[in-house]
Amino acid sequence: MQNEMEEKFEDWRGKEAIPGKHGGIRAASIACVVEMMENMVFLACSTNFITYFTKSWHYSSAKASNMVTNFTGTSFLLTIIGGFVADSFLTRFTAFVIFCSIELLGLILLTIQAHTPKLQPHGDNTPSTLQSLVLFTGLYAVATGVGGVKASLPAHGGDQLDSRKQGLISGFFSWYFFSICFGGLLAVTIMVWTEENKGWSSSFDICTVILASALFIFTVGFPMYRFRRPTGSPLTRIVNVFVSAARNRNRFVTDAEITLNNSTDKSIHHNKFKFLNKAKLNNKISATEVEETRTFLALLPIFASTIVMNCCLAQLSTYSVQQGMLMNRKLSKSFEVPPASLNTIALLFMLSSIAFYELFGKRISSSNNERSSCFNLKRIGTGLALTSVAMAIAAIVEAKRKHEAVHNSIKISVFWLEFQYVLLSFSDVLTLGGMLEFFYRESPASMKSISTALGWFSTALGFFLSTVLVDVTKSVTGWLDGEDVNGSRLELFYAVLCVLNTLNLFNYIFWAKRY
């Protein structure tokens, strides 16, 4: 990781940034506020789209589930492209403005459609080609915007702080994740209630105003930000290092040459991927470029080990919501709990724990240096372990729910689902929160956006893996072929996910010990 002295920042005029005038806590805090607003909008849609697609658009349960996972997966998949653009061609500020504007345009299109009867299916009819075209255009414009925003915003916020003060960086990412959770809390309470009681047209109206406000607030901070100018494509440099190493693979290199080559490599991974040292035999390849490549490669096994966990997490916005629709949701004669709002209790716990740690826990915690590597690796591993426990409980609860519903015609309380919601939500805050900070702090300075995007990219692959597993399970076992979850063997599907994630946990431990 490069230190602050090696990083050059500019102000909005292109002159050298002045400490105390440009950047700092105030500039970084704007990123937290904006992320809270943007995440509220995104989760207001994604967490409850399953009911929108089934009730308003008359898609089947399985079709709607895959539409939700594909939309969410695409949103996070595109973070890699957003991170690549932000690191290679634009400042992170410019990347955010462009992608947030795209997200806003997609949201405006969905809002217009929700207010126009001709663009919605009539009665119980399935949507026409034109109606579907408008829907999917709006959805994937939002997904494209989300991808760029999620990649550029945390890196932009981190750039406002002195990277030598690791406590500030840790604090920023804790409060940044607090903002993500607080936006999620508002989404699954106020926004889901609006969708269930006032309709989706009202929800889209509110989301459009909030996102436009977030874009305005972010741009107002323009004079106080500091900017790191892009230095070209880091992926191109990585490819060049591999090509050079491959071309020189048969060349003999003396021990003296290896020692000389490694003397300029400050990475903790200088003893790994030693075959890359031969890339330095090409005079056009610098030691810094080899160090960048080595550091990025070391992050990939950690990233890959979190994909299955995100596959489990995807069930909260699909099958868990469908389970909740068939359970007793009444708190009183006049109020029913929307299934998508079950995250509320979990989010309140997470918000409390983050705030408690930042305000009080640091006094008794380990040093910042420990937190930068070992702490975050343990944090991610704990999240993976909780996921296995959550899926085991989910399978047991579903077996109980279906037995009572099918054999005794009894709807058990929807709060039985709270166990899996709380555990999976905690695993998410541990894993994703740990990944965002870990990847930002460990990555080269020129790859901050694309590296933090790996956390969201893992979420994307997890959601797509969920789609694949649902389709494979349906075709091979028929467990998920029922018209609703009462006619399916969802508990067996959850059990399979539990086993897969447990195996994945052992894989993660193997790589974490070798980082």
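Cβ atoms here come from the backbone N, Cα and C positions, even for glycine.
Database features, via TrEMBL:
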TRANSMEM  67-86  transmembrane segment
TRANSMEM  93-112  transmembrane segment
TRANSMEM  132-153  transmembrane segment
TRANSMEM  173-194  transmembrane segment
TRANSMEM  200-222  transmembrane segment
TRANSMEM  296-320  transmembrane segment
TRANSMEM  340-360  transmembrane segment
TRANSMEM  380-399  transmembrane segment
TRANSMEM  419-440  transmembrane segment
TRANSMEM  452-472  transmembrane segment
TRANSMEM  492-511  transmembrane segment
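Long-range contacts of the transmembrane segment (200-222) within its own chain (CB-CB distance under 8 A, at least 6 residues past either end) are made by residues 12, 27, 30-31, 33-34, 37-38, 40-41, 44-45, 52, 56, 93, 96-97, 100-101, 103-104, 107-108, 110-111, 114-115, 191, 194. Long-range contacts of the transmembrane segment (132-153) within the same chain, counting only residues at least 6 positions beyond its ends with a Cβ under 8 Å from a Cβ of the stretch, are 31, 34-35, 38, 42, 45, 57, 71, 74-83, 85-86, 92-93, 95-96, 98-107, 109-110, 113, 119, 449-450, 452-453, 456. Between the transmembrane segment (340-360) and the transmembrane segment (67-86), fewer than three CB pairs separated by 6 or more residues in sequence fall under 8 Å, so the two stretches do not touch. Within the same chain, residues 154-155, 158, 169-170, 173-174, 176-177, 181, 299, 302-303, 306, 309, 312-313, 315-316, 320, 342-343, 345-347, 349-350, 353-354, 372-373, 376-377, 379-380, 382-384, 386-387, 389-391, 393-394, 397, 448, 451-452, 454-455, 458-459 sit at least 6 positions outside the transmembrane segment (419-440) and bring their C-beta atoms closer than 8 Å to a C-beta of that stretch. In summary, the transmembrane segment (67-86) lies against the transmembrane segment (452-472): three or more C-beta pairs, each 6 or more positions apart in sequence, are under 8 Å. For the transmembrane segment (452-472), same-chain residues at least 6 beyond its ends with a Cβ under 8 Å from one of its own Cβ atoms are 62, 65-66, 69-70, 72-80, 82-83, 147, 150-151, 154-155, 158, 299, 303-304, 306-315, 318, 432, 435-436, 439-440, 443, 480, 493, 496-497.
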